[in-house]
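Residues annotated as ATP binding site in TrEMBL: K12, L13, S14, G15, G55, R59, T162, Y168, D171. What TrEMBL lists as UMP binding site is G54, D74, T135, G136, N137, P138, F139, F140, T141, T142. Among the features that TrEMBL reports, domain 'Aspartate/glutamate/uridylate kinase' is placed at 8-216.
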Amino acid sequence: MTKPAYQRVLLKLSGEALMGDDPFGINRATIERMVADVAEVSKLGVELAVVIGGGNIFRGVAPGAQGMDRATADYMGMLATVMNALALADAMRQQGITARVMSAIGIEQVVEPYVRPKALQYLEEGKVVVFAAGTGNPFFTTDTAAALRGSEISAEIVLKATKVDGVYTADPKKDPHATRYEQITFDEAIAKHLQVMDATAFALCRDQKLPIKVFSIVKPGALKRVIMGEDEGTLVHV
Ligand SMILES: Nc1ncnc2c1ncn2[C@@H]1O[C@H](COP(=O)(O)OP(=O)(O)O)[C@@H](O)[C@H]1O
Ligand SMILES: O=c1ccn([C@@H]2O[C@H](COP(=O)(O)OP(=O)(O)O)[C@@H](O)[C@H]2O)c(=O)[nH]1
């Protein structure tokens, strides 16, 4: 049997993808399917840390936040990721995976705080670690949290599981003529202002020489193919 291409990965799961076809919130069938994908690769022995987004519940720059103080809106966004993290960890428990949620903001009665050595210990024990509350700072995104935590835990790659199946020449949801890159350098992605990830996340990964794979979480089996090193999505590299 072929072996997984990676031993430790940081998986960024889109908050918005959790909505499925619903207008907001968490779609039960969608979260169960996503967790089934995670369970499949966890069983291969790959150490998995997850950063979950919050856009399905609250996005700091959304119309609903108009007129709000940006930092306040961002803290609401971070709290939204805590809710998603709890839902995700519970869905994992139901599918036989042991998960631990760690929050970047103090909320001890609900989840344990992020402590790097503890996270590393959980990973070594084969538990899935779910990082909640992004970086813990306003003006950042959960993509940047993925770059940061990925660097901290020495992940071999950041896997950005999103609604599109890779990095395109332009936003494929707006431009039907956009074409997908098989691979692209960080410098090119930043210079071309490709919006699939924010520039802070790209820059951090570039400086840490931490590659990113952008792929679709909607496409069945895509996560496993990425983990097995098969041709899927777009690789962003130094
Ligand atoms: N050049 C591009 N290539 C791919 N996707 C892009 C590009 N520009 C913008 N996008 C958009 O970026 C979205 C993913 O980024 P983001 O909003 O951070 O999603 P999430 O964090 O929920 O995964 C995609 O759904 C896509 O519509
Ligand atoms: O380090 C962080 C991570 C997230 N957020 C806030 O939380 C929201 C939800 O995260 P994100 O948009 O990255 O989630 P996703 O795109 O995956 O749904 C963001 O819009 C920000 O308002 C933040 O302020 N700091």
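From the backbone N, Cα and C atoms, a Cβ is placed for every residue, glycine too.
All features noted in TrEMBL, drawn onto the structure.
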residue : record           : DSSP class
K12     : ATP binding site : strand
G54     : UMP binding site : coil
T135    : UMP binding site : coil
T141    : UMP binding site : coil
T162    : ATP binding site : strand
D171    : ATP binding site : coil
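Of the recorded residues, T141 (UMP binding site) and G55 (ATP binding site) place their C-alpha atoms 10 Å from one another. A Cα-Cα distance of 18 Å separates F139 (UMP binding site) from K12 (ATP binding site). Taking a Cβ cut-off of under 6 Å from any atom of ligand 1, the binding-site residues S14, G55, T135, T162, D171 reduce to S14, G55, T162, D171. The shortest Cα-Cα distance from G54 (UMP binding site) to any of the binding-site residues (K12, S14, T162, D171) is found for S14. Each residue in G60, G77, M78, G134, T144, A145 lies on the same chain as G54, D74, T135, G136, N137, P138, F139, F140, T141, T142 and has a C-beta within 8 Å of the C-beta centroid of that UMP site, without being one of the site residues.
Neighbour counts of Cβ atoms within 10 Å were taken for the binding-site residues G54, G55; the minimum is at G55.
Residues G54, T135, T141, taken from the binding-site residues G54, T135, T141, T162, are distinguished by a CB atom under 6 angstroms from ligand 2. Using a 10 Å Cβ-Cβ cutoff, F139 (UMP binding site) registers 11 neighbours. Comparing N137 (UMP binding site) with G55 (ATP binding site), their Cα atoms are 16 Å apart once rounded.
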